[in-house]
Every structure is written in structure tokens, then in C-alpha cells.
């Protein structure tokens, strides 16, 4: 097989397959080495000699990668949105095609400016991945860096974040492709790979944070009520949902200092369950316990928020419009709001979409408890590392916390990928993370990104743990993405300079 200048058909089939296997590098499969093979497929496709072949192969790789990796989105559409199966898979294909545009841009830039050295390719990919994470509110799902959280290179995350790990995957994969395309240089290329791996492994010698011995561990209880999505908003099932939460809370009050409930735990407007929340406030305060709960909050201007607040504080008791709360900032397009206003509002009727939610500020105060400060991310937000990093920089919180309802995605791989991204936030910022999920996966994650304890999915239960906070700051926590973006800018600038110099000669 001619891998240097293959036919369009061979290039597209091979690229599609190499893209599709990339899913195995992510949770729940966690075969992290496959990321390098899959990424090599992208680099190979994007830098093929013939422009048409390169673009079609890059697109085929993207369809395989995203089509398989995010196929779980069809679960919410078919099971809970009333969308026909064929339409749901067409939607997945459309999403994969859209995400593939960023890889096409990557291929175009690399070929247009002749920037095909490994460091420059990794830098260009950092740029196109940045665009994928911000354009139309962003969808930075399936970034290669997440696959490395259990690899020997994971400690690059506290320095450069998940983007730094993605940079490494693309860099090493580019050198692998170079070996295939230029076998006469393989000794020199293997030497470069060894040096890069050596420097990357050296990150394990750095320690940015350590357990704070001055602060006692907090006894936490994470509640997983396991309310089926079909029943969650069914009025006939409301009392049963209420009983489930009351039983789980009552059994946790005496032994724990902080109890955490999932996103929009009680399926009603906060104003409608005000008596219940006041009751929980009194019960928790009497036991010297505090409850962090997700609610659906309507403010005095009749704006609706996906919200979270603290109950049980003895000095600042719960009040509907006065209590300190966190309002979700990064909303899910077509899930919590319809983008482009009235232009796409017709989709609300076709796909049975929920009402439009308002979004909270980008930077918000931490949720305060007597046992520490909590940096909150609700559901989808936890995939946006920049948001948590900026809030952590402003808040100096003791713990990260994320509450979610992944029941929308059933027993697909989606919730596992979601947990993997939450783990990366803990590793990047060097803070323990607490994750309460309606149907799972509820988990306690250490500051090193390792799962300390977790509950099985679809089990009604409470996860308890004693978790200590840390002292110190990671470089990523201090500088965010600027370190990897600066490195990428320097690499691209140097690549352009060398190309210009080459032209003159």
C-alpha cells in the first residue's frame, strides 16, 4: 500500500478507521496509547501530497472520530426528545461534519503555508482546537489530551492543561507519521521522540500542591437518587422523587458535614418548593450540616436559571432571592437555550426543547460553607477548563464541585467521557473534585485526577468520603492556557520565519 500518495478511496477508508478507533482511547475504554495511532491518522491525512485527497481524507477521519465518539447524543433525542432514530443519527452525522470543519481548517493551514514540521503542526492544531472550543459557544469534547489522564504524561496537565497534553499527542503522532513518510530519517526521528518523552516524563518530578494539614478533612455525602429521566418531570412521580431525596438526606445528616445533591434535584421551580427548602435549612442547621442543592431558580425579573445554593448555614439562612447562589453560565445549545434567537425558535416545537434559560456571569463567588469554599460547575460547564481556572483564580476555593444529570444519555459512553473531563479539571487545578450525578457516575476525585471512590450507575445510594483540601497552586491554575498558547505562537512564528528564509534561498 502506498501511504505517501494513496488513492482517494484508500485514504478515506484508512482515515475513517483510524478516526473511529480514537474513541477507544477515551473512557470507559481508557486505552490511552490508541490516541497516538488515531492522531497519527489525522496528521497523515491532513498532510497528504494531493490537496483533494488530503481534504477528503481529513473529513473522513473526522466523521469516524466524532461520529463514533459522540454518537451518544442520539440517546437524548430518541428516548427523551421524541426524535425518530434515523433523524437522530443524521443529527450525529451533522454534528460530526461540523466538528470536522476545524480539522479541515487545520489541514488547509498546514498545506497553504507549508507548515508541516511536528512542533508547528501541534501548534496549528492547538489553534483550531481553541476555535472548536469557543465558536458558537464551543464544543471541546473529545480533546486528545483527556486520553492521557491515566498515562505517564498526565503531570503535564498542572502545567499546560488538557491542551498541553493534546499538543503532546499531536507532536509525537506527527513524528510517527514522519517515520512512515521519510523512513531514511527514522533514527533521527526516534531520537527526537525519545527526547520529547524524556522531558515530558520529567514533569512527574514537579509537585505544585500538597495536602493542607492545617485544614481538617471534610466529611461529605454525595447523593445519587437515580430518578429516571422519563419520570423526573412527571407530576405523578413528584412525591416519589421527594421521598427518595428526603430519605437519602435524612440518613446522611448526622454523619456528614456537607451533603451534595445533583443538578435540579427537585423537579420544580425553586419558588414552588420554598417550604421544603426552608425545612431542609432548619434540619441541616440543627445537625450542623450544610446541603448544596441544584435548583431551577426564577429571579425577580422572571429570568430562569439552572442554579445551585447552600442550605443549613446558621448565620445566613436560606432566603429565596437573597441567598448566595451559583447560576450556570455555560448553557447547552438546543438543550437549555436555542441559539440565534427567533431564527431557530421553530426547533422548539419540532424537537420538544425546554424553555430558554438565562445564563449567570462568567466569574461568580464561590459557594461558602463552614467547611470551605466550593468552585461550582453545573453539568456541561465542567468541560470548559478556562472557566473553572478563571473562577478558581478569583475564588481561591478549597474544592471543585460539579453537579449533573447524565440520565439524558442512558447507559451510553457519554457519562464516562463526562467524568473523565471532570477528573482533568481536578488535575489541572490541583484541587479535589466532588461530583454528584442523578443516575451516575457520582464520584470523589483526588487532586491528582484519580477517582478515590465512585458509585455504580443507576443505583440509588449515597457516596460518603472524608476529603482534604490542598495548598499551593499549579502553573495552569495561575496562568491558564496562556503557557501553551504562547508556546504554540512561538512555534508557528518560528515555522513561518524558517519558511520565509527558505524561500529567499
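Cβ coordinates are placed from backbone N, Cα and C, and glycine is handled just like the others.
Note that the structure is a prediction, hence the values are computed from the model and not measured.
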Ranges in play 119-139, 224-244, with Swiss-Prot marking transmembrane segment at 119-139
189-209, 252-272 - the range that Swiss-Prot marks as transmembrane segment:
189-209
Swiss-Prot lists transmembrane segment for one of the ranges 80-100, 290-310; which is that range?
80-100
Labelled transmembrane segment by Swiss-Prot, one stretch among 29-49, 323-343. Can you tell me which?
29-49
Interface present between the transmembrane segment (119-139) and the transmembrane segment (475-495) (three or more C-beta pairs under 8 A)
yes
Where does the mean pLDDT land for the domain 'CN hydrolase' (223-469)?
91
DSSP-derived structure type at residue 328 (active site), helix or strand or else coil:
coil
When you measure from the Cβ of residue 328 (active site), which residues in the chain that are at least 6 apart have a Cβ under 8 Å away?
305, 306, 307, 336, 357, 359, 360, 378, 379, 381
When a 10 Å sphere is centred on the Cβ of residue 379 (active site, nucleophile), how many other Cβ atoms does it contain?
25
Given the transmembrane segment (80-100), its same-chain partners at Cβ distance under 8 Å and 6+ residues beyond its ends are 58-59, 61-63, 65-67, 70-71, 73-74, 132, 139, 229-230, 351-353, 408
